[in-house]
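**Student:** Below you will find the structure I want to go over with you.
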Amino acid sequence: MAKNLFSVPIFFIVFRETLEAAIIISVLLGLAEHVAQGRASNSDAASDNQEDTGTNDSEQVQRRRLIRKLRIQIFLGSAAGFLIALVIGAAFIGVWFTKASNLWQKSEELWEGIFELIAALMIFVMGVTMLKMERAKTKWRIKLQRAFDKQADAKARTGKWALFILPFITVLREGMEAVVFVGGVALGQAATSIPIAAIVGLIAGSLCGWLLYQFASRATLRIFLVVLTSLLLLIGAGLFSRSIGSFERHAYNALLGAEIDDAGGDGPGSYDVRGNVWHLDCCNPDNKFGSQGWSVFNAIFGWSNNASLGTVLGYVFYWIAVMVTLVCLKFLEGRTTLFGKESEVGRKRRERREESYEEKGDSTNDQLT
């Protein structure tokens, strides 16, 4: 039997966390250039009354040195945070698979259902919050600029290490989030499926973050995040449906007794006919001898050759929960109304728009008169 060497959910989780960290690091790199340019402008103003011979060349050299120094701080802080998160994550996963590997042998389907349910809920939260990442650049630029300016104005000892401490804390936090999410998803999967998926997700997230930093606009970032969120939610919906299927198989196996075939067959007796919606004698992703690639569709879209009322309704209700959550968040942020009513934030936004329109109208009337 071939080993499971790649976990699709873990790949997307690591990819998502890496991308978020890459976006924040790109903000820091932009901030470093901004700080260097600002200091260079101050030096330009101070040197207006001095001789201009060789001044521009020396200023360019100093600017490049300053930018290089700040970039080194950023990358060192990011690397330190990543290494600490990696050590903690490796220790967590190693302890689990060495000390608790035989935890669910007697109730495998039950534990798989529990862990798939936990993973589906985690991915639900990740997918919804990911849509806000497009505004992360502006938020982090303002936050980091304020933090850097305060430390620079105070001339404290930690001021010159501001661009080391901030990425260190940021990457460490993102790494710990990845450890929690990967740990929750990995509990129901083979240990051999984690390393390759995590490494590929890390590389892909770093590459996409670099491409977005170099070439992408805000609109491109928004489209990219919407597509990635859709893929994550597809995986989450599939995991939620599979968790219900695992609970149903556990109940069915308990009904049959301990002497059951674990080969993953397709014929009669391999599934519960009560509440069954469809059953195909082929395309079984759980067939240990001939899944023929259907396990990939099972991992990404939650495909199963055997569907019940519970698994189908669970898949539908997951997407209904996603839609309701997104509409409620949009309402709370003041970007839509529900049944003709607006939230407090929406009312304040509307009042600000009306005030700005009135001010523009008054200025236009003044110009005409």
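A Cβ is built for glycine as well, from the same backbone N, Cα and C atoms used for every other residue.
A TrEMBL annotation is a machine prediction, not a hand-curated record.
For reference, TrEMBL lists these features for the protein:
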COMPBIAS  342-363  compositional bias 'Basic and acidic residues'
REGION    342-369  region 'Disordered'
TRANSMEM  6-31  transmembrane segment
TRANSMEM  74-98  transmembrane segment
TRANSMEM  110-131  transmembrane segment
TRANSMEM  161-187  transmembrane segment
TRANSMEM  193-213  transmembrane segment
TRANSMEM  220-240  transmembrane segment
TRANSMEM  312-332  transmembrane segment
**Student:** Residues sitting near the transmembrane segment (312-332): Cβ under 8 Å, six or more positions beyond its termini, same chain?
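**Tutor:** Distant contacts of the transmembrane segment (312-332): 120, 124, 127-128, 131, 233, 236-238, 240-241, 243-244, 277, 302, 338, 342-343, 345-346.
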**Student:** Taking residues 6+ outside the transmembrane segment (110-131), which of them lie with a CB under 8 Å of any CB in it?
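**Tutor:** Sequence-distant neighbours of the transmembrane segment (110-131): 9, 13, 16, 20, 103-104, 180-181, 184-185, 187-188, 225-226, 228-229, 232-233, 235-237, 239-240, 242-247, 250, 318, 321-322, 325-326, 329.
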**Student:** Which residues, given as numbers and ranges, are at least 6 beyond the ends of the transmembrane segment (220-240) yet have a Cβ under 8 Å from it?
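**Tutor:** Result: 8-9, 12, 15-16, 19, 116-117, 119-120, 123-124, 126-128, 130-131, 133-134, 208, 212, 298-303, 314-315, 318-319, 322.
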**Student:** Taking residues 6+ outside the compositional bias 'Basic and acidic residues' (342-363), which of them lie with a CB under 8 Å of any CB in it?
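**Tutor:** Answer is 331-336.
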**Student:** With DSSP as the yardstick, break the compositional bias 'Basic and acidic residues' (342-363) down into helix, strand and coil residue counts.
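**Tutor:** Result for the compositional bias 'Basic and acidic residues' (342-363), in helix, strand, coil order: 20 helix, 0 strand, 2 coil.
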